[in-house]
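Colleague: Please read through the structure below; I'll follow up with questions.
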Amino acid sequence: MQLLDNLDAALRKLDAQHLRRRRRTAESPCAPHVRVDGRDMLAFCSNDYLGLAAHPVIVAALAEGAARYGAGSGASHLISGHSHAHAQLEERLANMLAPHLEQPRALYFCTGYMANLAVLGALAGRDADIFSEALNHASLIDGARLSRARVQVYPHADLDALADMLAASRAQTRLIVSDGVFSMDGDIAPLRDLLALAERHGAWLVVDDAHGFGVLGEHGRGVLEHAGLRSPHLVLMGTLGKAAGVAGAFVAAHATVIDWLVNRARPYIFSTAAAPAQAHALMASLNLIEGSEGRQRRARLQALAQQLQARLSLRQWRHQPTPTAIQPIVLGANAHALRAAAGLESQGLWVPAIRPPTVPPGTARLRVTLSASHIPAHVDRLADALNQLDNEACHA
């Protein structure tokens, strides 16, 4: 059949470019030590930054929520799927972020991808201008495209270029859209400067804090707390399946923005609500994040990142130290990244290669992600293996 032949040819082309992707099967809970395809591995690739995914308090809360509310919601939020657990979670998130938003409310989504499509589709339209960061996540890129707004991409962290674009815009509705923590690089957006530009030009600042929420700030409130921001111009998206350890995402903003999303955000309106048990479990997760245990876990995570940075002595590869859990090591060629990942796997270390289109061509990398559940001995083992492989690459 010609249609299948065309797909087979396209897959063979991906193989030739070292770009074909295949799934691995984890057979154990998310933790530093995992069983993958029948083999025990030490993982440095999950987004479980605080090590909460298998926390007994959260696991117990999930079971309690399932016993109380059942396995599923049964309908969308605007029909009969909006449970007491969802309402409690949204109120809890709004209160948590109240120091950074005026008249805050929150909206719970099934995924971060859905949340970003919802925000950009509802706030922008044909007559709007979106100014999108060059290294934004795919969900922000797709959300901007689907909004039908005019999209301009500004170079990574280039505030002068963004200021020029804003000054030239004549649109009544303008949105500056940026990751808070860049998912493949681990650096933090210059949010204070972005907010200053948004307020000066009467624009929304939409921040995707998928990798900062729970990790950054004294109370784990993410990049807004880290940068000390408060403004009615802010629209925040955060994920709840990474540092929070469960699933889903939220949008937090001024109450009027949230009311508009409830009425106009198609991904929210036309999707079955997430299981109430997840929302119930997330209440336990947020208590841990904001409490003393959360502070201890964030401090441990920072110490592990500093340890890795101090222990690496790379000559051929390029490590980009960051203040977050994401520590990228750029190798360049796709084949080199795959070879390095295979070399680590042969030593029982799971660090997948990240290749285009996830990262720009020529910047294939190992994306090392740390968790508060790691211990210093884990980091030493990883650093020794990376230094060894880098040394071998120098002499290849």
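The backbone N, Cα and C atoms fix where each Cβ goes, glycine too.
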Colleague: Same substrate site as Arg21, His137 according to Swiss-Prot: which of Thr358, Thr363, Thr369?
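Modeller: Of Thr358, Thr363, Thr369, Thr358 joins Arg21, His137 in the substrate site that Swiss-Prot records.
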Colleague: Taking only the binding-site residues Arg21, His137, Thr358, which one has a CA atom nearest to the CA atom of Thr239 (pyridoxal 5'-phosphate binding site)?
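Modeller: Result for Thr239 (pyridoxal 5'-phosphate binding site): the nearest of the binding-site residues is His137.
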Colleague: Nearest to Thr358 (substrate binding site) in three-dimensional space, by Cα, is which of the binding-site residues Gly112, Tyr113, Ser183, His211?
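Modeller: For Thr358 (substrate binding site), the closest Cα among Gly112, Tyr113, Ser183, His211 is found at Ser183.
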Colleague: Just give me the nearest neighbour of Lys242 (N6-(pyridoxal phosphate)lysine) among the binding-site residues His137, Ser183, His211, Cα to Cα.
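Modeller: Result: the closest of the binding-site residues to Lys242 (N6-(pyridoxal phosphate)lysine) is His211.
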Colleague: Taking just the CA atoms, what is the gap between His137 (substrate binding site) and Gly112 (pyridoxal 5'-phosphate binding site) in Å?
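Modeller: For His137 (substrate binding site) versus Gly112 (pyridoxal 5'-phosphate binding site), the Cα atoms are 10 Å apart.
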Colleague: State the three-class DSSP label for Gly112 (pyridoxal 5'-phosphate binding site), counting H, G and I as helix, E and B as strand, and everything else as coil.
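Modeller: The three-state answer is helix.
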Colleague: Checking the spread of the substrate site as listed (Arg21, His137, Thr358): what is the longest Cα-Cα distance, in whole Å?
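Modeller: Spelled out: the longest distance between any two Cα atoms in Arg21, His137, Thr358 is 19 Å.
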